[in-house]
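Asks: My questions will all concern the structure given below.
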Amino acid sequence: MELFDLTIHELHDRLKRKELSSVEATRAMLARIEAVDPKVNAYITVTPEEALAAAEAADRRIAAGDMAPLTGIPVALKDIFVTKGIRTTCASKILDNFVPPYDGTAVAKLKEAGAVIVGKLNQDEFAMGSSGESSAFGPTRNPWNLECIPGGSSSGSAAAIAARTATATLGTDTGGSIRQPASHCGCVGLRPTYGRVSRYGVIAYASSLDQVGPVTRDVTDCALMLQAVAGHDPMDSTSVEVPVPDYAKGLTGDVKGLKLGLPKEYYIEGLDPDVKKALDEAIETYRGLGAEFVDISLPHTDYAVATYYLIATAEASSNLARYEGVRFGHRTEGAANLIDMFRKTRSEGFGDEVKRRIMIGTYALSSGYYDAYYLKAQKVRTLIMQDFLKAFEAVDAILTPVAPTPAFKIGEKTSDPLRMYLSDIFTIPVNLAGTCAVSVPAGMSGAGLPIGLQLIGRPFGEETILRAAHAFEQATAWHTQKAGI
């Protein structure tokens, strides 16, 4: 097995036994990136000098007996996290030359744990997209089929795991942006509860929906990554001061008596036959493990996509107002006056999908439409939250598809934004409810593309869904399959 094939816990064991050094593991990963990434385009920026310096520091820590689970592990970050001294673009021309003066909290925590950051990953521009196609640096490709999308917006975060060009990655999830690409790329992807992980130093898309989470090769790695970044942060007023359990210790493999809900609104006509088959087989696997199933209803699911695209775009139109060419980022040349500079800078700097969402959000917030659209969407959001809270009175977790279909071809849905938006129909409600969910590999399509299942947990119930995901993983072999790239 190559060094770049190892999971976090496998690599940790070898580093601990001094069978190899972090420098060796990092060099192997950098060589893998150089060999494979030109085909996949998962990276925007690779940082070999910084990575090797961090690996040398990690080796010194290990030699001194100061070793955490992530010490010396090569990881990569979605290019939405600000990184001190390293270009941070959010996959947008408007931030092409932006080099932040500080690290975001999640980045700082990874560094404190001794992780080695090898680069910044491609994504949909400003995290707005479901396919990885809206990046100013070109689309990310799915390592399982280079003609297909990897999912979005954390496209590079999942593609790098599938291509084995990072041992683990961090992404963000606003409407499914970790879980959907994890499903399409055959990885484990976790969206923690809103407030579980600090958003300080994450470039904002929709502040009430964004959340930081890991993408990994297996559930144990996912638990280790969450352990490293979770916790209260005084720099983020939305982070919540609740205890952080030992997630890896909770992976017992025991789900006997666990009650799993099956929402009728998610098992609908039009679900791809391969996705339905994978979910049916997963249900039987859980039955064999002793889990119990309860039919439930989440009655306001039908309104989730419309609600999301009003709230998220409204928040985006406000958050993205700061990019005007004065303080940082791209500034147009030869503007006649200040207003002309604002207009031209934003016209040149933002891509089509970002402009579309800014316009939708500005319209929803405009005088005469605020009550009819934005305020009504917030009321529906409350109903969706209440649906989940009621369901969790009867069940411990909810089992659903992640996406209605496996990965589709690049360019297939770009001309039809509504079809693209519906790709996230099963993931968006979780963000609106502010709770947690994990995607875990559960099958393959007839065309050889991965399919994931989604486990949704109570607020701050990450321990339960990780335990359930781990039990499924132990009973199946889907997570061991590798893209032939």
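Backbone N, Cα and C atoms are what each Cβ position is placed from, and that goes for glycine too.
Annotations per Swiss-Prot:
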type     : residues : note
ACT_SITE : Lys78    : active site, charge relay system
ACT_SITE : Ser153   : active site, charge relay system
ACT_SITE : Ser177   : active site, acyl-ester intermediate
Asks: So if I measure Cβ to Cβ from Lys78 (active site, charge relay system) and keep only same-chain residues at least 6 apart in sequence, which ones fall under 8 Å?
Replies: Lys120, Leu121, Gln123, Ser154, Gly156, Ser157, Thr169, Leu170, Gly171, Thr172
Asks: By a simple count, how many Cβ atoms lie within 10 Å of the Cβ of Ser177 (active site, acyl-ester intermediate), its own Cβ left out?
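Replies: Counting Cβ neighbours of Ser177 (active site, acyl-ester intermediate) within 10 Å gives 37.
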Asks: Write down the Cα-Cα distance for the residue listed as 'active site, acyl-ester intermediate' and Ser153 (active site, charge relay system), rounded and given in Å.
Replies: 5
Asks: Quick one: give me the count of other CB atoms within 10 A of the CB of Ser153 (active site, charge relay system).
Replies: 35
